[in-house]
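**Student:** Encoded as structure tokens, here's the structure I'll be asking about.
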Amino acid sequence: MQIYMVGGAVRDRLLGRPVNDRDWVVVGATPDDLAARGFLPVGRDFPVFLHPETREEYALARTERKSGRGYRGFVVDTAPDVTLEQDLSRRDLTINAMAVRGEDPAAWELVDPYGGARDLQAKLLRHVTDAFREDPVRILRVARFAARFTDFSVAPETMALMREMVDAGEAADLVPERVWQEIARGLMEAAPSRMFEVLRGCGALAVLLPELDRLWGVPQRAEYHPEVDTGVHVMMVLDMAARLHAPLAVRFASLVHDLGKGTTPADVLPRHIGHEQRSATLLADVCERLRVPVECRETADVVAREHGNIHRSAELGAAALVRLLERCDALRKPARFADVLLACECDARGRLGFEETPYPQRQRLLGALQAARSVDTAAVAARAQARGAAGPQVGEWIRRARGDAVQEWMAAQPPAAGT
């Protein structure tokens, strides 16, 4: 029985990056061999075990053979005679198909049958063998790695193979949950726009997210958007979210906030009147199709519907600000509203020449929210009921009280913040 550290841990060590997770492959063993040594079986689709002390994953060396379309159509062989080279050959990229012999990190003996170290030096994302085409999830993984390794490029032959897979309908067969899983991971990388540029380049974006793909080539008014192209703008917004270390919900909202601009009638371009509601409608379809988690879905919906009003909030008086807070459900969900405002800041700064421009709307609305939440709604309701108010009338009393509190807060602000 031989044990090898494989995959991302080897790659990251060669790159001088921190190694957070280590994966291991065991050659020449059976499930019974590992169980006898105290390893705990956890794999459902193929034999994976947890080390009895480190709890790291150890998998039996395996081969895979395509048996159908999509992500799940595989026959797996984990016989003891499967070699390390055979196991590495099924991996997606050469930089992920390297191994180190043994469990002692000091005894560094690299096994690199497919030129992964060479491609690391050349900063290339290259597929290992033609078996790459057997798993369409690899299209998403390559795009995600492009977002992580920002100075790497996709090898031309790998991009060509990905296009062939898309043309053959493989991308359309992907399981929605897996598509979302990979997109979510890509959104959290250093340069998430690169993921979508790669997906667009191979044609997969038009299959997986056609609502997003159609934004490229759609013009916006140059006085507000010097970058003009809506697709370019959305990628700038997304990268601004990464620059500001935004959480996943904000990054997803940044990605999908302008979907409605892709359906603007050609005869009114470059104006996009009413695109906010169209964006929200398209977003609902995307979230249903990809089964996007509720937190991401709700944050993105508020951003899609209200980002224009939030941008213009400096023009609003106290009563209108309270109505905006209510539409955003900010009084009940202040933490989510903070995420909404961060996404709107990314939108405003994700424009050519506006990257360093302050966004005072964010602090102004957070201040207005704090003032509105300071109102003792129970006391206001009691006064209203004492004067004969009931039902919606009580709500109006509370709304007016919040407006008064916001007005008082605005009056106390310096002119730049309160007007």
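The backbone N, Cα and C atoms fix where each Cβ goes, glycine too.
From Swiss-Prot, for reference:
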| type | residues | note |
| --- | --- | --- |
| BINDING | GLY8, ARG11, ARG91, ARG141, ARG144 | ATP binding site |
| BINDING | GLY8, ARG11, ARG91, ARG141, ARG144 | CTP binding site |
| BINDING | ASP21, ASP23 | Mg(2+) binding site |
| DOMAIN | 230-331 | domain 'HD' |
**Student:** Relative to the Cβ of GLY8 (ATP binding site), which residues of the same chain, six or more apart in sequence, are found under 8 Å away?
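**Tutor:** In sequence order, ASP21, ASP23, ASN96 meet the Cβ cut-off.
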**Student:** Out of these binding-site residues, ASP21, ASP23, which one has the fewest other C-beta atoms within 10 Å of its own C-beta?
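**Tutor:** Ranked by other Cβ atoms within 10 Å, the binding-site residues ASP21, ASP23 bottom out at ASP21.
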**Student:** Would you mind listing, in sequence order, the residues at least six apart from ARG144 (ATP binding site) in the same chain with a Cβ closer than 8 Å to its Cβ?
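**Tutor:** In sequence order, GLU182, ARG185, GLY186, GLU189, MET195 meet the Cβ cut-off.
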**Student:** Ten-angstrom check, please: count other Cβ atoms within 10 Å of the Cβ of ARG141 (ATP binding site), all chains counted.
**Tutor:** 17
**Student:** To test your reading of the ATP site: which residues beyond GLY8, ARG11, ARG91, ARG141, ARG144, same chain only, put their Cβ within 8 Å of the Cβ centroid of those residues?
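**Tutor:** Surrounding the site, in chain order, are GLY7, ASP92, LEU93, ILE95, ASN96, PHE145.
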**Student:** According to DSSP, folded down to helix, strand and coil, what is ARG91 (ATP binding site)?
**Tutor:** coil
**Student:** Rounded to a whole angstrom, what is the largest C-alpha distance between any two of the residues GLY8, ARG11, ARG91, ARG141, ARG144 that the record assigns to CTP?
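**Tutor:** Across GLY8, ARG11, ARG91, ARG141, ARG144, the two farthest Cα atoms sit 15 Å apart.
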**Student:** Near ARG11 (ATP binding site), which residues of its chain come within a Cβ-Cβ distance under 8 Å, counting only those 6 or more away in sequence?
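**Tutor:** For ARG11 (ATP binding site), the qualifying residues are ILE95, ASN96, MET98, GLY116, LEU120.
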**Student:** Look up ARG11 (ATP binding site) in the DSSP assignment and reduce it to helix, strand or coil.
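**Tutor:** The residue in question, ARG11 (ATP binding site), is helix (DSSP, three-state).
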**Student:** Have a look around ARG91 (ATP binding site) and count the other CB atoms within 10 A of its CB, chains all included.
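**Tutor:** A count of 21.
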**Student:** So how many of the residues in the domain 'HD' (230-331) end up helix, strand or coil by DSSP?
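**Tutor:** Per-class counts: 78 helix, 0 strand, 24 coil.
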